[in-house]
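Database features (Swiss-Prot):
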SIGNAL    1-16  signal peptide
CARBOHYD  Asn104  N-linked glycosylation site
CARBOHYD  Asn265  N-linked glycosylation site
Amino acid sequence: MKVITAFLSVFVLCSAEDDDKLTVASNDLGMRMLPLLPSSPGENIFFSPYSLSIAMGMAYAGAGGETRQELHENLGYSRAGLPEAEVLDAYARQTQRHLSDPSNTTVDVANTAAIHLGLPLLDEYETILRNSFNADLQKVDFVENGQGAVDVINSWVKDKTHNKIESLFSEPLDPLTRFVLLNAMYFKGTWKTEFQKRRTEQRSFFNGGVTQAQVDTMIGKIRIRHNSFNDVGVDVAELPYRGGDYSMVILLPQEKTGVEALKTNLTAGLFKTLLDRLVQRQVTVFLPKFKFESKYSLKEILQNMGIRRIFGGGADLSGISGDTSLEVYDVVQKAVVEVNEEGTEAAVVSAVIGGLRSGSFDGFEFRVDHPFLFFIRDTRTNAILFVGQVNHL
């Protein structure tokens with residue numbers, strides 16, 4: 001009998017074909033960011049490297065000089081082997097896949113740019129937003145009608161996330177704000193094999209790997225891809241959604257308090273290796289139901305990852321409007337997730353905000369009863385859409 005008791009779960013977008021370079025860059029960005037996000041035994045993590053990559057891609061499109069070079073290096077394009085000249089074409093291909101690729105799982109991706117009335121965009125930048133990101137433009141007044149501007153943004157966010165995220169901003173932005181580049185993504189997937197509600201029962205989950213709590217736990221005997229990796233100290237299960245295009249991958253440390261060490265050592269390469277070594281088998285899965293949201297200001301984290309120039313000190317975003325005095329103030333992301341017997345529903349919005357400088361079962365078991373990581377992925381492109389860490393339920 002194999003028992004898995006804590007987990008890291010990842011929602012990933014993956015393909016049977018080789019990873020494209022933009023996907024490699026996005027996944028690498030997510031794995032490097034995961035250990036830098038604030039975490040505690042009483043605080044969960046949920047974010048989307050995929051959404052962040054798209055929002056930052058729209059900023060990259062307007063960057064020049066050393067600012068663009070720094071973004072190219074630290075957004076993962078360089079280490080993925082994606083030349084500067086091919087980045088925007090890669091986003092265009094990714095956008096086209098979303099527009100033309102049907103699936104049994106709902107994945108809606110939308111982009112927009114909220115632009116201050118007094119900021120004339122360069123024609124070339126407008127063309128890039130439309131062709132590479134299918135982004136629409138919304139003219140707002142951050143100076144004279146700041147509340148109206150955030151109302152427009154929040155309304156767009158609510159619509160594109162199917163009402164899962166009702167607002168991103170609670171108050172007007174700085175009057176010096178000149179642009180907000182936004183990506184929103186909504187995900188709804190039904191398990192290939194749904195859990196029966198009548199089998200859901202109260203079972204133990206060890207919050208922080210230590211404190212025992214009773215939580216609603218789904219139980220099902222399911223044919224999934226699964227394996228144990230004693231050399232890494234982790235058990236892994238991949239739960240497919242209907243249609244097979246998307247899956248949830250759960251990384252469960254073999255030690256109840258091992259999620260932080262797992263998170264620190266996890267890389268995109270190791271993640272792929274673990275997936276490649278999974279075996280199809282019948283497994284009794286114990287998975288807690290959960291629902292939570294998160295919101296992050298990512299400026300400091302991105303700076304720690306090497307992205308500094310865009311936030312001031314010589315930022316070159318002249319490709320947006322020709323104005324050399326633009327910089328990014330912050331990058332924020334808000335995400336929500338719910339996992340239950342039917343499947344998973346998740347939504348995320350990422351925003352790049354910028355403006356003028358101021359001064360006991362038979363067989364195998366997978367028992368998720370302590371902190372874990374989870375990933376939602378596309379099984380066709382290997383892109384990791386969402387990453388989460390559950391510490392407390």
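Backbone N, Cα and C atoms are what each Cβ position is placed from, and that goes for glycine too.
Worth saying up front: this structure is predicted, and the values here are computed from it rather than measured.
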In DSSP terms, helix, strand or coil for Asn265 (N-linked glycosylation site)?
helix
Can you check what DSSP calls Asn104 (N-linked glycosylation site), collapsed to helix, strand or coil?
coil
